[in-house]
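Okay, so here's the structure we're looking at.
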Amino acid sequence: MNRETFDIQPIGRFYGSNTAIRRPREIACFSYDDQHKFHLGDSSLRYYYPPQLPADLNRGFDTFQKLDDAADEHIDALLDTIAAMEKETGKRCEADIITWRGMMTKILTAPFDDMNGFEMNATCFQGTMCKQLQRQQRMPPGMASQDLMAYWGYKFETISVLDKTWDEASREEIEGRENLVVNNNAQYCSVVRTGIGRTKLVLGGEVDAIWDSKPERKEDPINWVELKTSAEIRKDWDMVKFERKLLKFWAQSFLLGVPKIVVGFRDQGGILRRLEELETANIPNRVRKSGRGTWDGNICINFAATFLEWLKSVIKEGGTWRLRKAEKSSVIEVYQVEESGTGDILSQAFLSWRSTT
């Protein structure tokens, strides 16, 4: 069995150089509706409008319509959207890697995320590597407090968005958001073309809301907003924990080209107390100036560029591969699982479409 390893440590070797970054640009989009059914287009796009404060994030927990994530969707929706775009434009979507934003977030944050591990499956087809998360063993339902804290985040999103621009929304729609049933089945997903170093990427990922509206020119950046919740900062240790959370906040938004993050700070009882707007591009400098050294954005980018270049040299056409980083490990393993085929990574519909082009 072919097996290669990549050492994350020492991360000092990724310090200093300036990796070229291709600004993420949306090339397509798709939506899931309230029943989590797939649709091409932006039907689930939502518009940011700040909530009234204070707000009780516990409200409506007993009526929460929670997404059933037992079904493993692979990257089917992403591939279906790419195929539809190719049919419309008559051009093949060229990329070195096609994957979800979440997969790239794990790679980008790996130099400073010692505790968490990951497993991904990958295959190379027509010169493009496609990656998806290896389905983990399902954990038993969390304690009530864990489930409730997860709900707080969805509640914050619900009371912070509108399904139309604020000037088109009625006062009742704006003020009645706290009474809405929280449903996390509906999602708007952006598909972007970007690049890190010499690796061309096409990434798909959920976007919470837009600040204003989409520009008429597709080339222009979109004012996306990412919505996050965090505990109030009361002492130094709280700030350290928050800066560590900022690593993931930054990575997720950086990869999709989301320029602004709105953080809702809540108390221990789940009451939303204040909002803070963060510019994604300024977060690494903010963390660097704090002097705590919890993470460095340049090291993350340089590491990702080096790792992806190495990965392209390892995973060749044909067969399926596994990328694995064990918990508390500083080594990423890459090994071949099957010598031929694409496993269940690529849908039959996508394979059939590409075989005709």
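In case you wondered, yes, glycine gets a Cβ from its N, Cα and C as well.
Keep in mind that this is a model prediction, so the values were computed, not measured.
Together with Cys189, Lys228, Gln252, the substrate site in Swiss-Prot holds one more listed residue from Glu168, Glu172, Glu173, Glu206, which is Glu206. Just one of Glu119, Glu157, Glu279, Glu309 is listed by Swiss-Prot for the same divalent metal cation site as Asp208, Glu226, Leu227, and that one is Glu157.
Rounded to a whole number, the C-alpha distance linking Glu206 (substrate binding site) with Glu157 (divalent metal cation binding site) is 13 angstrom. Note: the Cα of Glu157 (divalent metal cation binding site) and the Cα of Lys228 (substrate binding site) are spaced 8 Å from each other. The least crowded of the binding-site residues Glu157, Glu206, Asp208, Glu226, judged by other CB atoms within 10 A of its own CB, is Glu206. Non-local contacts of Leu227 (divalent metal cation binding site) by the CB criterion (under 8 A, 6+ apart in sequence, same chain) comprise Tyr48, Gly153, Phe156, Glu157, Ser160, Val161, Asp208, Ala209, Ile261, Val262, Gly264. Counting only residues at least six positions away in the same chain, the Cβ atoms of Cys29, Phe30, Ser31, Tyr32, Ala77, Leu78, Thr81, Gly204, Gly205, Glu206, Val207 sit under 8 Å from the Cβ of Cys189 (substrate binding site). In the three-state DSSP scheme, Glu206 (substrate binding site) falls into the strand class.
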